[in-house]
Structures are given as structure tokens and as C-alpha cells.
Amino acid sequence: MKRVWTKTRKLVVDSWLVFVSRMFEVRHMWVWSVVMISFFPLSIMGFLLLFGESTPERILYIVTGSITNAVSLQAGLSLGQRIGSMKAHRVFDYYASLPISKLSFIFGLNLNALLLCVPSSLILLTISMLAFRLRIVNPALFVATFVLGGFSLAGVGAMIGFYSRSGQIAGILTQVVDPILVFFAPVYMPEDVLPTFLRYTAPFLPTTHVARLLRAAFGHPTERIYQPIVILVGFIFITVILVQRGLDWRGDRPLA
């Protein structure tokens, strides 16, 4: 029991140190990161509100879809690009010299990506409350969804970054994968308006379950609320295992 506690404590401490080291590196550019991540979802939100009837249900889909989009951009796309850049600049050589495990390194990066999602999500949440009078009915579910969604999407970005042959390929793949995660899933619209093929593939995308839980947090009727939670936890475990196998301190493991 004591040995398990010691290993767990070391994992937490090492993950925290990796997280802090990454935060020191982004402290000079976090403002531009927030602007970039907030601008795209806000633009889509404004564009969608210009067309069609502004019913409460449609507004809810647009708002929760925009928050999901922001988390996907920062946790998924940006993390994949940052890992690709770290690989290109041989940053892994530095972390390989430290007495830390691959798992703690992955957790630290994912926690960093999750925290960077907070400002843009708060901006979108504030706008939705002030402009559309939306209220979070279940704050605990909202926070749990944000954490689970952030870690699951960060896992997708980490997989792209670690398995790509170079930073350039990681950048290209993230640009391709992110629109698939957002626009090929019932994020901005109900599932029944999607093409038949996408209705079958949507459950395999984490954004489907993130958006569903966010709508439930705002009070939208949702059946079997435990189901998307379990699926997101499964996404996290699968991506952590795959990323841990794909992380090679000294070499490259090409995906493309």
C-alpha cells in the first residue's frame, strides 16, 4: 500500500512540474492564444445566429457547440501542434534526461491544454449568459464535462503530435481532424438533421458526448446521462495508453 502511495504521489508531483514548466513557456503568448481560440467559435456563433429562427433550443445548440469548438481547438488542435513543434526542436531530449515517467509527462501536457481552454470558454459562457439569458442548471455536470472533454480531446491532439513524423505533419493533421471533430458530429445541430452516414459515425467522436453533456448542464432534457460520461472516460483511457506507446523520447514514430 505504501509503495502504491509513493508511486501515485510521484506521478502527481511530476505531472505538476511538467505542467508548470509548460505554463512558463506560454506565459508570453497566452493573450494571443485566448484571442485566437475565442475568435473562431465567436465568429461561427455570430454567423449561425444571422440565419434561421432564434429559438431557445437552437441558441442552446449554438452556444454549447461554440464552447465545445473552443475546447476542441485549444485542447486538441493546439496541443497537437505544440507537441509537433517540441519534437521538431528536440525538446523531448530535455524531458528524457529528467527522472519522470512518460505517463506523468502526458498528464502534465494534458493539464496544460485543459487550463488554456478556460479563458475562451469563460468568454463564451459570459456572452451566452448576458446576451441570451442562458443559465447553467447543473454546475457540477458542467465542470465535470469541461474536465472530461478537455482531457479526451487533449488525448486526441497528443496522439496526433506524438505519432506524426514531424511538426509540419502534425500541423496538417490537426487542421484536418479538428473540423471533423466539430462539424461531423451533432455539436451545432441535433443528430437527426445530420446525414445518415454521420449519425453512425458521430458516437465515435468525443465532441458528440461533450456537446450532449453541456446541453444537459444547461437544462436540456437528456436521457441516460451516465452514458456519455462513461464514453468520455473510456476515450481518456484509450488515448493515454496509445499516447504512452507512441511517445518515444529519442526517436520518431511516424503516422504519415
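Note: Cβ is positioned from N, Cα and C throughout, glycine not excepted.
The transmembrane segment annotation in TrEMBL covers 29-52 (among others).
Feature annotation from TrEMBL assigns transmembrane segment to 58-80 (among others).
Look at TrEMBL and you will find 58-242 tagged as domain 'ABC-2 type transporter transmembrane'.
Within its own chain, the transmembrane segment (111-134) has Cβ neighbours under 8 Å at 15-16, 18-19, 22-23, 26, 30, 33-34, 37-38, 41-42, 45, 59-60, 63, 66-67, 70-71, 73-75, 78-79, 146-147, 150-151, 154, 157, 218, counting only residues six or more beyond its boundaries. The annotation transmembrane segment is assigned in TrEMBL to 111-134 (among others).
Residues 68, 71-72, 75-84, 86-87, 106, 109-110, 113-114, 117, 121, 170, 173-174, 177, 181, 206-207, 209-210, 213-214, 216-218, 225, 229, 232-233, 235-236, 238-240, 242-243, 246-248, 253, 255 of the same chain sit 6 or more residues outside the transmembrane segment (140-162) yet have a Cβ under 8 Å from a Cβ within it. Taken from TrEMBL, the feature transmembrane segment covers 140-162 (among others).
Here the transmembrane segment (169-189) has long-range neighbours at 44, 48, 61-62, 64-65, 68-69, 72-73, 76-78, 80-81, 83-85, 87, 153, 156-157, 160-161, 198, 201-202, 205-208, 211-212, 255-256, meaning same-chain residues at least 6 beyond its ends whose C-beta is under 8 angstroms from one of its own. The transmembrane segment annotation in TrEMBL covers 169-189 (among others).
The transmembrane segment feature in TrEMBL is assigned to 225-243 (among others).
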Taking a Cβ cut-off under 8 Å, which residues six or more beyond the ends of the transmembrane segment (29-52) line up next to it in the same chain?
58-59, 62-63, 65-67, 69-70, 73-74, 78, 116-117, 119-120, 123-124, 127, 188
